[in-house]
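Written out below as structure tokens is the structure these notes cover.
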Amino acid sequence: MGNSDYHTPRGVAVPPPKPFCWAVSTALKETFFPDDPFRQFKNQPPSRKFVLGLQYLMPILEWAPRYTFQSFKSDLVAGITIASLAVPQGISYANLASLPPLLDYKCEIYVLGTADSSFVPPLIYAMFGSSRDVAVGTIAVASLLLTSMIGGVVNPYENPKLYFQLAVTATFFSGVLQTALGLLRLGFIVDFLSHATIVGFMGGAATIVCLQQLKGMLGLVHFTRGTDMVSVLKSVFTQVHQWRWESAVLGCLFLFFLLLTRYFSKRKPAFFWINAMAPLMSVILGSILVYLTHAEKHGVQVVSNLSGSLSAHVMHPLQYIGHLKKGLNPPSLSDLAFGSPYLVTAIKTGAVTGIIALAEGIAVGRSFSMFKNYHIDGNKEMIAFGMMNIAGSCTSCYLTTGPFSRTAVNFNAGCKSAVSNIVMATAVMITLLFLTPLFHYTPLVVLSSIIIAAMLGLIDYEAAIHLWKVDKFDFVVCMSAYIGVVFVSVEIGLTIAVTMSMLRLLLSLARPRTHVLGNIPNTMTYRSIDQYPNANTVPGMLILHIDAPIYFANSNYLRERITRWIYEEEDRVKSCGEANLHYVILDMSANPGSEVMKKLDKTEFIQNIGQEWIYLTVGEAVGACNFMLHTCKRTPPTLSMPPAVELTAQDNV
């Protein structure tokens, strides 16, 4: 760049001072209210503000007046379809959570009791939720966490009443946490569960769940309470003499049937309903087969034996002592164990399962809303999930959220609104009131097959391979979560993954990357010479780009790293016989400018180095340095590190 091309650079302005209260309120608004939810209340009369407030808290009041009969026909089909999936899944996941049999403490079984989680919570979500596609239900990971965390302190077979009380108490605290996060608009906390963390955690949990289902597949009565692979496999292979081949054959047949229907539905999306109906069809066919062949007398355990299994664990003879009772679960408000010595365990379980449920439910809702091009409010979803879990904990339900499998079925069935959840709840209610005895002969091996088929879809090995190709550290986080869950415990695996994700975040702030910039030929653009090998360094200058904001946590590191860059550049130019290094230009254009300029001004940094040493662009800084290098020979301030430092202040921090 010759002297004739040089133009006096424009100065970098220091923004006018703002009142402290204004600055604080602006920062809070940007943090907690980026969507400005109060905008709709402006210039509205009090009565209208009241109506808008109710519609904001309960979205059903906003869309219900516009609801059409045509939409209801679509929601009716979708609701019945997901209800056919909800009943067998509800029994299976409740079994996984060690909740059945739910006793009235007189040896009467509510086998479908935890299917009640598909009755009350969907009704609450339909009023408070903002998604048109989410179908509410229980999830396997939360079920496994209940078994792992609460079952670690209370044996569900020896003390079923206390176990049930702690389960609904944990659900209550999950709901309180979720509601609080929504009301305080702290949804960004869920974002700290990275995609890599969730992929590894879900895959590990699915692996353990599949292994645990070997108990049902092989017809085992006694099984480990551990949730790690070693304990589960040890429990399986130390009981080889108790394996039931009849149960294993039946389980493999139904598992093959479920996987075959899933494969067919993926190949032919128009026949999605075949995969959706497959679990219920398996339950019906399995029950008929057991009834006709009396397989329960030949090693195939059935639902009605659950109370017998309970009796065996409490040292009574293995025999059927109860009966399947029709009806909805009784209220469980009095069962909330706030005075239990295990309250801390319930709170911890509620917090962990609540966050996991939020992460899955909100991610699922956002994913399907993109297909229909509408927006869901993450904070409203948190409130909706929280309210339905609080209500569920008072009606003998355990944790619910928006599971992917059920939501996908709801979406493919053509749902138009949350009314599909109301239809599902109604269908489940009818089942609980009138059809419960029909499940008397349902073989447990069918429930195990349903769980395994669902879990295999959660082991997303393709996502793990993609992480390896894109970001090796994310792959390490993913595998850490997977290995921690599989070989240690669900809680430890999740803790390891979250810790590593947070460590990476902190490292990116404390150790930001710096790059040497060069000039792209025939342009005024300066880019990394590593990314653009054809970029040319400027003789006598070292141009460095800092990839992150400058904080107290990285200031010392940057000082040391910049000094190292200077020494390395000096050694290079000496070895190559090039011009000596005269200027260092720091490009911090990734950072906001106004706040930094105010701080530089208040700390008198600008006065110390001079306003003329801060430029809007790298090009202007290079031009100024070239001009002084070839004409004025002016020496800039040293700032305690040789040689001088130039700052480019386009969008600076």
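Backbone N, Cα and C atoms are what each Cβ position is placed from, and that goes for glycine too.
Copied over from TrEMBL, here are the features:
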TRANSMEM  135-157  transmembrane segment
TRANSMEM  163-184  transmembrane segment
TRANSMEM  196-223  transmembrane segment
TRANSMEM  243-260  transmembrane segment
TRANSMEM  272-292  transmembrane segment
TRANSMEM  342-363  transmembrane segment
TRANSMEM  417-435  transmembrane segment
TRANSMEM  442-459  transmembrane segment
TRANSMEM  479-503  transmembrane segment
DOMAIN    531-590  domain 'STAS'
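Under the criterion of 3 or more C-beta pairs below 8 Å, with sequence separation of 6 or more, the transmembrane segment (479-503) and the transmembrane segment (243-260) do not qualify as touching, having fewer than 3 such pairs. Only residues 6 or more beyond the boundaries of the transmembrane segment (442-459), in the same chain, are considered here, and those with a CB under 8 A from a CB of the stretch are 88-89, 91-93, 95-96, 140, 202-203, 205-207, 209-210, 213-217, 219, 247-248, 250-251, 254-255, 258-259, 262, 279, 282-283, 286-287, 289-290, 295-296, 300-303, 305-306, 405. Tertiary neighbourhood of the transmembrane segment (243-260): same-chain residues 216-220, 278-279, 282, 285-286, 289, 295, 298-301, 443, 445-446, 448-450, 452-453, 456, selected by CB-CB distance under 8 Å and a gap of 6+ residues from either end. For the transmembrane segment (163-184), the residues of the chain that approach it from at least six positions outside its boundaries are 32, 97-99, 102, 146, 149-151, 154-156, 190, 332, 335-338, 340, 342-343, 345-347, 349-351, 353-355, 357-358, 379-394, 396-399, judged by C-beta separation under 8 angstroms. The average pLDDT for the domain 'STAS' (531-590) in the predicted structure is 87.
DSSP assignment over the domain 'STAS' (531-590) gives 25 helix, 12 strand, 23 coil.
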